[in-house]
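**Student:** If you look up Swiss-Prot, you'll see 1175-1184, 1284-1305 marked as compositional bias 'Polar residues'. The compositional bias 'Low complexity' annotation in Swiss-Prot covers 1259-1270, 1352-1362. Residues or ranges marked as domain 'SSD' in Swiss-Prot (evidence: sequence analysis): 471-643. If you look up Swiss-Prot, you'll see Asn239, Asn349, Asn465 marked as N-linked glycosylation site. Marked as omega-N-methylarginine by Swiss-Prot: Arg1366. The region 'Disordered' feature in Swiss-Prot is assigned to 1-91, 113-138, 241-264, 1169-1192, 1229-1337, 1352-1401. For 170-190, 484-504, 510-530, 542-562, 589-609, 617-637, 704-724, 964-984, 990-1010, 1019-1039, 1064-1084, 1088-1108, the entry in Swiss-Prot reads transmembrane segment, with the evidence type sequence analysis.
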Amino acid sequence: MDGDSSSSSGGSGPAPGPGPEGEQRPEGEPLAPDGGSPDSTQTKAVPPEASPERSCSLHSCPLEDPSSSSGPPPTTSTLQPVGPSSPLAPAHFTYPRALQEYQGGSSLPGLGDRAALCSHGSSLSPSPAPSQRDGTWKPPAVQHHVVSVRQERAFQMPKSYSQLIAEWPVAVLMLCLAVIFLCTLAGLLGARLPDFSKPLLGFEPRDTDIGSKLVVWRALQALTGPRKLLFLSPDLELNSSSSHNTLRPAPRGSAQESAVRPRRMVEPLEDRRQENFFCGPPEKSYAKLVFMSTSSGSLWNLHAIHSMCRMEQDQIRSHTSFGALCQRTAANQCCPSWSLGNYLAVLSNRSSCLDTTQADAARTLALLRTCALYYHSGALVPSCLGPGQNKSPRCAQVPTKCSQSSAIYQLLHFLLDRDFLSPQTTDYQVPSLKYSLLFLPTPKGASLMDIYLDRLATPWGLADNYTSVTGMDLGLKQELLRHFLVQDTVYPLLALVAIFFGMALYLRSLFLTLMVLLGVLGSLLVAFFLYQVAFRMAYFPFVNLAALLLLSSVCANHTLIFFDLWRLSKSQLPSGGLAQRVGRTMHHFGYLLLVSGLTTSAAFYASYLSRLPAVRCLALFMGTAVLVHLALTLVWLPASAVLHERYLARGCARRARGRWEGSAPRRLLLALHRRLRGLRRAAAGTSRLLFQRLLPCGVIKFRYIWICWFAALAAGGAYIAGVSPRLRLPTLPPPGGQVFRPSHPFERFDAEYRQLFLFEQLPQGEGGHMPVVLVWGVLPVDTGDPLDPRSNSSLVRDPAFSASGPEAQRWLLALCHRARNQSFFDTLQEGWPTLCFVETLQRWMESPSCARLGPDLCCGHSDFPWAPQFFLHCLKMMALEQGPDGTQDLGLRFDAHGSLAALVLQFQTNFRNSPDYNQTQLFYNEVSHWLAAELGMAPPGLRRGWFTSRLELYSLQHSLSTEPAVVLGLALALAFATLLLGTWNVPLSLFSVAAVAGTVLLTVGLLVLLEWQLNTAEALFLSASVGLSVDFTVNYCISYHLCPHPDRLSRVAFSLRQTSCATAVGAAALFAAGVLMLPATVLLYRKLGIILMMVKCVSCGFASFFFQSLCCFFGPEKNCGQILWPCAHLPWDAGTGDPGGEKAGRPRPGSVGGMPGSCSEQYELQPLARRRSPSFDTSTATSKLSHRPSVLSEDLQLHDGPCCSRPPPAPASPRELLLDHQAVFSQCPALQTSSPYKQAGPSPKTRARQDSQGEEAEPLPASPEAPAHSPKAKAADPPDGFCSSASTLEGLSVSDETCLSTSEPSARVPDSVGVSPDDLDDTGQPVLERGQLNGKRDTLWLALRETVYDPSLPASHHSSLSWKGRGGPGDGSPVVLPNSQPDLPDVWLRRPSTHTSGYSS
């Protein structure tokens, strides 16, 4: 932040500055008047020895001659204007350093100097010199101390993003809240509110070939009938007068009564007793309960039979609402249930099931043994029951005692499991009845909800000592799902609490946690607005609510990383302003957030490739939410952090100090607070030990093991998921799919018990065979919205359809004959198939029934083919004769004008209706190939036919078996493309995608081992797994990419130390959130919790160990694999170009010679000596090819005493090799030592020499690094973090402390460079010279200081506490000694008295 003094017209009194502390100018310091523009006068910089004062075109501040050592320190200084050719930023004013700093005195100079800034109100230069933008270092023309001067104004427009956030955080937050509020209001008012009444909608494939045909077929069925678009009969008056009673199903029992009542006078007594006892036969539409023995024994014993009767009476019939729901007899009493005990009472002539005896059970078992053989052989069928005369010949072999009553057939067909008395167990002496079904005399549906919740929902009410209810089919699945979706909402809320509670513990701030939660909710609300209004999506499925947890998991990772970087910038810039911290933090975090957000959203958007509408809607909503969160986080998080830092952090600390003063209870609380603080410190120490030392050391040292282990896990997961046993496909169509946990009675009935009873195995009226429906006249085009399952399709007529021509008649007749010759044609189908309607027409025309409607031309006319009009006329007459009520389907569809609009021809195949995907696929492929061949020979009017069947389950299975692999592959490809665009590094992108792919493969393999079915919920979350597993890997990838070190091991350690702690905390919080969702009843919540647990934990492992181990082996070094662009300057690029080039920082050919009045010397830097600690062998990871200390070792000690006892030489010249502090703190942000063991060139000129005393190296030529903007300039103009590959974080190092000799404390190297006018070339730029240490390196004393202007201090302290007073032994800021060797990095030194850990270690 700028804390500058304001200008005043008079110089008598100090003017208050706009700084945060209200700095004032010291008394007695004169203010010079404005002298004019900077371009009015140009002066040459004169060395301090030549002139005691420097003139300025703006000011003239006399500087006292520093040669008089006895006088007081100078109180005035001369402001020096910055010319347009100066490499310094022109937006800053400079003042020269005291002259005595150029002398080699024995004491530290400048300790008592006070420099006053001359106020100034003129305009600034427009732009900096271009030489400062090329990423190279050039010494400045004049020695300057950089400060920022800001005019005093009531309002000043922010010049940068960081300044906007730092100075106006409340305004930024309010603006974001206003945008969120407006978008929420527009989203709620501009579209329909979401309707979750049918939460299972959207899980049927749509917009596929099979799905479109099914949708059109359902629409054709819905639009066919009386008073509809199409008619089965061409008579208009008949269709218009037909009432809805024609389509209304007959009342229960009416069909049976109409067929039975005329025969009741001759029926036996047993049959009349059964009809009087039960209210007809059991039906599928009744509610059902499944009983099993508690002791795993047989249910065919008297105790179990009586137990079932009592449980029904106590739990169901005693409920108050049962009487209003049950079917009633003629006596207005509730009908008895169809249970094993009641059938036993009927066959034994008992009044109730509780009156039956053991003898009755034994007698009935013997009768069942006899009749079971005929039932399983197919002889005992409903048509054989009763004493009627019109029975099929095969009924004659059935004994009368088995067929005279329907009780035996109903017991075997409806109530007893298929294994009881099956052909394999008929000879058992004591057959075992494992399961028995009970039919309640109430229809299935929502009316049973109260009975279920009051009596059947609790498990302890469904069991006694003999039997228990383990399965139910009450028709309540949809209704109960809506109930539990609301009731189980507590589990996702607990998961959210776990995520944000872990975040609060990590951030140690409730305010920040609430702001993050508010940011997540705001992102979702804005995404809802875009989803509803911008994208105009009509359907908002219930699964979109899962985006709250998914986005919270992504946000948790970003938040932890951000505040780690925020704390790090605070520790590295303790005196820097908030604008500096925001700029430095967002330089790294903005890059990471951009790459992570784009990669995650691209992975979610890839799921749009799915054909399930619910999955596509979630992909669109979740991808949009991630992008909105990306945009919002760029301003929301830093503004929240600034707000907390400015108004809450310091105020809370002050209130906390004053709150503990008081009585004994408060002292007790203080003791507790101290204990908790001690625990927190212990946890922090453990965290530093684990993530700063052990984890990097373990990853690098055992990288061989990690690569092999995780590669084997990924390969095993791929084998399990793709080869054996694989993910099982669903066995039920979407409406009956699994929605509750597997142990729920509803799910157990559908998954286990439904197939155990023979009446459920075969669909009614169709014999269990797959039908084939051939359609002509309607195109298979789904005109509905593929993203809205509620939208219905309309029928698209085929304009070329014609079935009345002679060629069409011949082809249709031949199609019937050829179909009968196919192997899949069922020859035992009942009645004539409508496929052969031409044969049916021929037989009708030759039959006597043709004349029922009166004399007609059709009767007796056998000339084939007929004329088109005659053919259509006879078809209409046949339809009227055989279906006078308009309900019999002959395969003909007429429109309102009586014309033939469509043909719907059906026949039955010998393929069984099975949930087996392979068998259904064989049926579909065989029929498709046959029909394609037939249509190829069809006349033009019949070539656009198509077929469908009972393929709802197959359509879902086909989509789930093919789409997840495609979606995951596309998601990985998009992730790779996004990472490549973000890093421009091919190896890093490949390694990241490999880690993400390994995460997905291992996760799917684990889900297979958990016996997951690849159902709709699983497909939903598998499509999101790539998006969930990206962020941890991106954390490490970006941190590795932004690391300033060129060697891969240092970069691996750097990235692990920087992000591993936040990554582990985020994974632990999400694991806890997943565990809290496991008790939920709704399967969606449970599986979302499992996915969160598995994906995040597996992703953390693959990112931390597999990805980093790959980088240890094959990670890019320097520019390896980097797609270079003109604006991308890597931190290790300086000085590595062509040696003969005119690159900044390289010595020019004529600059070595001395200039007039100067005695230039050359210095050369040697690698700094390092000393191993005793724990080196156990605490570092070393290379087998060298004995250099590991980059992970922090045990190398920094010495305050002399490293060498060689006497120090006196400086040869006042102008020594100096360092510009801008180059120090911008080019290489991390602490690093120059290593003689690693050189970039293919033929290094120097080699390390090792002996038993330590490590030495040959001298290396040095070259200064390129300068950049100073920290002050960064606050006003943030660096472009997307063009620069170097991180702005300073002090993040994996190397160890180094030391130079401290034998000569007076031989210091100044911070900035002063250049005489003779050293300037023709263009006014300084001429660079190569420096040499002349073999005196061991006696060089490095006392470099950081040049920072602290606006938080009063102006009177600036001269003593700015660049002079700061940077002492206690200052933790690092210093840099540039290396003249272009292939080697600079020498970075840590302050002597600090030994930091964590990121700065």
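Every residue, even glycine, has its Cβ placed from backbone N, Cα and C.
Keep in mind it's a predicted model, so treat the numbers as computed, not measured.
Help me picture these features in the structure, burial and contacts included.
**Tutor:** In the three-state DSSP scheme, Asn349 (N-linked glycosylation site) is classed as coil.
Asn465 (N-linked glycosylation site) falls within neither a helix nor a strand when secondary structure is assigned with DSSP, and so counts as coil. With a 10 A radius on its CB, Asn465 (N-linked glycosylation site) counts 10 other CB atoms from all the protein chains.
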**Student:** If you draw a 10 Å sphere on the Cβ of Asn349 (N-linked glycosylation site), how many other Cβ atoms land inside?
**Tutor:** 11
**Student:** At a C-beta cut-off of under 8 Å, are there same-chain residues at least 6 beyond the transmembrane segment (1064-1084) that contact it? List them, or none.
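**Tutor:** Result: 481, 484-485, 487-488, 491-492, 494-496, 498-499, 501-503, 506, 542-543, 546, 549, 553, 556-557, 560, 691, 738-741, 744, 1017, 1032, 1090-1094, 1096-1097, 1099-1100, 1104.
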**Student:** Does the transmembrane segment (510-530) reach the transmembrane segment (964-984) with at least 3 CB pairs under 8 A, where each pair is 6 or more residues apart?
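**Tutor:** Contact absent: fewer than 3 Cβ pairs fall under 8 Å.
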**Student:** May I ask whether the transmembrane segment (704-724) has at least three C-beta pairs under 8 Å with the transmembrane segment (990-1010), counting pairs 6 or more apart in sequence?
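**Tutor:** When sequence-distant Cβ pairs are counted, the transmembrane segment (704-724) touches the transmembrane segment (990-1010), since at least 3 lie under 8 Å.
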**Student:** Calculate the distance in Å between the alpha carbons (Cα) of Asn349 (N-linked glycosylation site) and Asn465 (N-linked glycosylation site), and round it to a whole number.
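**Tutor:** Cα-Cα distance, Asn349 (N-linked glycosylation site) to Asn465 (N-linked glycosylation site): 28 Å.
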**Student:** Looking only at residues six or more beyond either end of the transmembrane segment (964-984), which have a C-beta under 8 A from one in the stretch?
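**Tutor:** Hits for the transmembrane segment (964-984): 591, 594-595, 598-599, 602-607, 609-610, 990, 992-993, 996-997, 1000, 1014, 1019, 1022-1023, 1025-1027, 1030, 1034, 1037-1038, 1041, 1122-1125, 1128.
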**Student:** Same chain only, please: residues at least 6 beyond the ends of the transmembrane segment (1019-1039) with a C-beta under 8 Å from a C-beta of the stretch. Say none if there are none.
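**Tutor:** 543, 546, 550, 553-554, 557-558, 561, 588, 591-592, 595-596, 599-601, 603-604, 606-607, 610, 612, 614-615, 618-619, 622, 626, 960, 963-964, 967-968, 971-972, 975, 979, 982-983, 988-989, 991-992, 995-996, 999-1000, 1003-1004, 1007, 1054-1056, 1058-1059, 1062-1063, 1066-1067, 1087-1088, 1091-1092, 1095-1096, 1098-1100, 1102-1104, 1107-1108.
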